[in-house]
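The following features are taken from TrEMBL:
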type: ACT_SITE; residues: S192; note: active site
type: ACT_SITE; residues: D220; note: active site
type: ACT_SITE; residues: H346; note: active site
type: COMPBIAS; residues: 1-11; note: compositional bias 'Polar residues'
type: COMPBIAS; residues: 41-53; note: compositional bias 'Low complexity'
type: DOMAIN; residues: 106-357; note: domain 'AB hydrolase-1'
type: REGION; residues: 1-66; note: region 'Disordered'
Amino acid sequence: MSQLFRQSMTPDSPEAISRPGPLPHNTHDLPTTDIDDHSSSSDSSASSAASAATVRPSSREQPAPAKPWAAYFDQELCLTQTTATQKATYLVYLCPPKNPSKDPLFVCHHGAGASALSFALFALELRRQLPTAGILSLSARGHGSHVTDLFGAEIIDFSLEALTNDALAMIHLTTASQSWPQIPPTILIGHSLGGAIVTTLSTTHFRSFGSNLIGYCVLDVVEGSAIEALGHMRTYLSSRPKVFLSVDEAIVWHTRTRTIRDQRSAEVSVPSILVPNGDGGFTWRTDLAATNPWWEEWFKGLSQKFLTGRGAKLLILAGTDRLDRELMIGQMQGKFQLVVIPEAGHFVQEDVAEKIAGLLVEFFKRNDRSQMVLPPKVSELLAQGKKV
């Protein structure tokens, strides 16, 4: 359950974003605007929450340089959309599929307080194992994307409906920006809060994908444990460091507390969840406390949606104690594939990116309908003069 803390919680204060540029290799030279535009926040494990405020890198530890997004994705897109009630600038990262008509697009959504770059190392590993695949990593509002009313005032709405509509808009806008004739064959991947979003897409918005929604994968979140953990969220948030002296210090903190267990992933994901605090230091981008009114709504009904959504289903957990009764019954009935990775923490896609990529490649190949050979129709056999 402590892992669930990290997923639904990572600070995010909605900031107006101009088009962000790649992060420099020297994080001490980062311009204020660049960090602002690439910031998003990540959560630490509840088990380390008590010591969170006192963890500091020792003087003997070497600084961990931030890595630019361009080492993992082909494109960074700022997609704009204006409706009758709002203006949105959505930030996404993309590696296009080689052939969007037949090659898969893995659409990734991060958890609360994290960022689209929490899937950076996963994207690199996935493309290594399946070079023709595409990866689209989405930034939620307040986590890199920016949504205002028509007068420019930030819209504070983190309801599941709003977040799901944002995700669907980003998928459609990306499809249009790339001039794809339709959404490519799609695998949805959601971590924590992102899992609630992709299961909602698969149950109430599956028609938007036509026949191209192959399936979805939920990473380390189940309804029962998530809702139970929410009762401790305020304590968890108050126990984390409020300020880091540098981006390097934040990277070291995440790895030392084992919030993120892979140094390579921390170097690209952590800078994107921070913003300058005005005093020379850095603080969390996402104000998770502001999302409090929607915490329970995010996860209520998650198990049922996961079991009834359109497409193949994969659940990857970092521990076996998180299956609630509904999921246990569903698993015994063979309704979904379950994989447990005990060596990973809550951020499984960052801790064991190569393994997660391998599981998703296998999941796609097993459920790729384009590779299925169907028997000939009776009418076709009769037309060929064959007896049926």
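Cβ from N, Cα, C; glycine included.
No curator has checked TrEMBL annotations; they are predicted automatically.
Rounded to a whole value, the Cα-Cα separation of D220 (active site) and S192 (active site) is 6 Å. Rounded to the nearest whole angstrom, the C-alpha distance between S192 (active site) and H346 (active site) is 9.
For D220 (active site), the count of additional Cβ atoms within 10 Å of its Cβ stands at 28 [all protein chains shown].
Taking the Cβ of S192 (active site) as centre and 10 Å as the limit, one finds 32 other Cβ atoms among all the protein chains shown.
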